[in-house]
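Here is what TrEMBL says about this protein:
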- B:132-420: domain 'NADH:quinone oxidoreductase/Mrp antiporter transmembrane' (DOMAIN)
- B:6-25: transmembrane segment (TRANSMEM)
- B:37-59: transmembrane segment (TRANSMEM)
- B:79-100: transmembrane segment (TRANSMEM)
- B:112-132: transmembrane segment (TRANSMEM)
- B:138-156: transmembrane segment (TRANSMEM)
- B:168-191: transmembrane segment (TRANSMEM)
- B:241-262: transmembrane segment (TRANSMEM)
- B:274-295: transmembrane segment (TRANSMEM)
- B:330-350: transmembrane segment (TRANSMEM)
- B:371-389: transmembrane segment (TRANSMEM)
- B:409-429: transmembrane segment (TRANSMEM)
- B:492-514: transmembrane segment (TRANSMEM)
Amino acid sequence: MSVNLTLLLVMGVLYAIGIYLLLERSLTRVLLGLMLLANATNLLLLATGGYAGLAPVFHKDIPAAAYNDPLPQAFILTSIVISFAVTAFMLSLVYRSWLLSRADQIQDDREDLRVARQDLFDAEEDSEIAIEVSDFHENNQPAASREMIRQVTLKTAKARGQHPGGGHGPGSRPGTGGGA
Amino acid sequence: MSVASLAPLAVALPMLGAALAFVLIRHPRAQRRVSLAILALTLALEVLVLAVVWTSGPVAVHLGGWAPPFGIVMVADQFSSLLLVVSSAVSLSVLVFASGQGAADGEEGGPVSVFHPTYLILVAGVSNAFLAGDLFNLYVGFEILLTASYVLMTLGGTGSRIRAGITYVVVSVVSSMLFLIAIAMVYGATGTVTLADLAVKLGQLDPGTQHVLHVLLLVAFGIKAAVFPLSFWLPDSYPTAPAPVTAVFAGLLTKVGVYAIIRTETLLFPTDHFNAVLLWVALLTMVVGILGALAQTDIKRLLSFTLVSHIGYMIFGVGLSSVAGLAATIFYVIHHITIQTSLFMVTGLVERRGGTSAILRLGGLAKLSPVLAVLYFIPAMNLAGIPPFSGFLGKLGLLQAGVADGSPLAYTLVVGGVVASLLTLLVMARVWNRVFWRSTADAEDPDPVLLATAPDASGGRSMRALRTSRYVDATEGRFSGEDEIPILPRMMVYSTMGLVALGVALSVFAGPLFELSRHAAEGMLARTPYIEAVLGAGAQTGVAP
């Protein structure tokens, strides 16, 4: 099977530009990138059907090698319809995003940022130790560990103080325990 | 001509239902009834098909009467018809759940009226992917379900959904593009896209070409199935969607990717060439996924990470490419579709009951709403793999298959599987401790809804607890309706109960189910039943065993 070199080159260029645009942060460019990728893929499908200039459909007098395979063209039609629908939908998403945030940019996920910011050491996990009120128990511990408990307690109390409505119940106890 | 020839109706019926639901878009009640009836009918039909295929083996339906390599063919073998039944059962209960939510909140005429038709199209796409007998039809099935999922993902068009939706759409489109490129190359190399025909012809290609095609397909399906290096889109996009949508996505969409990987590995490329790669990928998916879950403080995001992690188990079984491994994978897929969906549905209920899905803002739900606590506890322990449940049986099957394989890599995977399972237990217990077990007063920043609602009284009253503007500051805008809205509508609670019960039933009937899985795995690894069903007996002379 011989392949049309022009088609191949165009396809390669489309893929290259498409991938470049896809990696941009601007949504419109990403969308354009997707469209170029879709078209490049359509060309690839077209290339599998044989080269240009052959008979378009099968007729019983034509030898098998002399007509163009119609199946890839059917694939391309399906693929065009799908990418058309998806492009329209993407466009509406981009527009909606512009309406909501006035920015044609891919937004960061707030929850992602929050998880990335959180401490490796979760004070809340260990706050139970600090609630231990028995002095007797505390004196048994080495001084360094007592100091650590005090630090943690202070930190927890501070963290809880920032939340409205978190100051009642057992949550307020570590603050007094730490000060003692 | 048997009942199994009706299998394509599993695609056609939901499509018809979607059309009817579109016509009834101004009549929400009629729309709900039609969608539910259609899905129930589809489920009944698929059970019939499964019953026939269980004994007779794969059945191929030649659409339009065209001979196999040329026409479009739909194939129901044991694996695909089993998946059809489970996916329809799950999507039916999620539809009941969503209908309960819609009926309770009275969101009629809003964007939610698009939900039912779109949902049915999604179901049709999933069925089409399971039944597809050629690569291009598989692609079309993927596109149907993806396009429907784009709409469902961005339902309502709020800021966070648009943000997540864009990521989701771009990633999905790129993976579909890769799939289409793979189809073009496969067609260029062999001149056919019928799976059974490819099974014969791909083996005759030059090994280099085979590897290129194989890797292309694996990457395309790997993105859809969310295996490790290709999984970052999933926890980013799933949690923002409405609760029923997340539930059905988590249950079905990634499994369609896993299904495609299994077909690729068994039917198209039965060689062991990439098995080591698959095993490594499986290990990384299991461990990295569950480590991600450890860092999360939102139940939906946490569950999305466990979803990624447990995809690793399925890939583990595929990578072993033994009957035992594949059978365990099939069992695990069935188990995981049910359990993951029911966990997300419970999370939807928790969100309604407690006002949020942020773990730090919740507490004391075990006392406030014992029903929810039980509904969470059973599937959570099931997912973690605690002995009497199907999660344990599936993992046990996989670990046994790994030990039977005996290679050092397989043993590494066995250890990794156990570690991931223990970490899942840790994550699930953490949610349990904070959301259900501790007292409400211990919550760091309790949600107003949680503080305002009184504990449910016993029995039926728990589902009648009310959420009104009296309880919540109207400026928040979330629950500022005039009417009293039931917090836990009965339909939502009962549908969740139904799915949790199905999960338990999978444990009770694990014996026959495992038998069926083994049967299906043997057939898929032998390949001849499938190929002969499509191409006719004697057509597979060129197949190397």
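Each Cβ is built from the backbone N, Cα and C atoms, and glycine gets one as well.
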Among B:112-132, B:168-191, B:371-389, B:492-514, point out the range having the most Cβ pairs under 8 angstroms from the transmembrane segment (B:138-156). B:112-132
Other same-chain positions with a Cβ less than 8 Å from the transmembrane segment (B:37-59) and lying at least 6 residues past its termini are 2-7, 9-10, 13-14, 16-17, 20, 75-78, 81-82, 84-85, 88-89, 91-92, 95, 120, 123, 127, 516, 519, 523, 529-530, 533-534
Long-range Cβ contacts under 8 Å made by the transmembrane segment (B:492-514), restricted to residues 6 or more beyond its ends, are 89-90, 93-94, 96-97, 100-101, 104, 327, 331, 334-335, 338-339, 341-342, 345-346, 348-349, 352, 371, 375, 378-379, 382, 388-390, 393, 397, 463
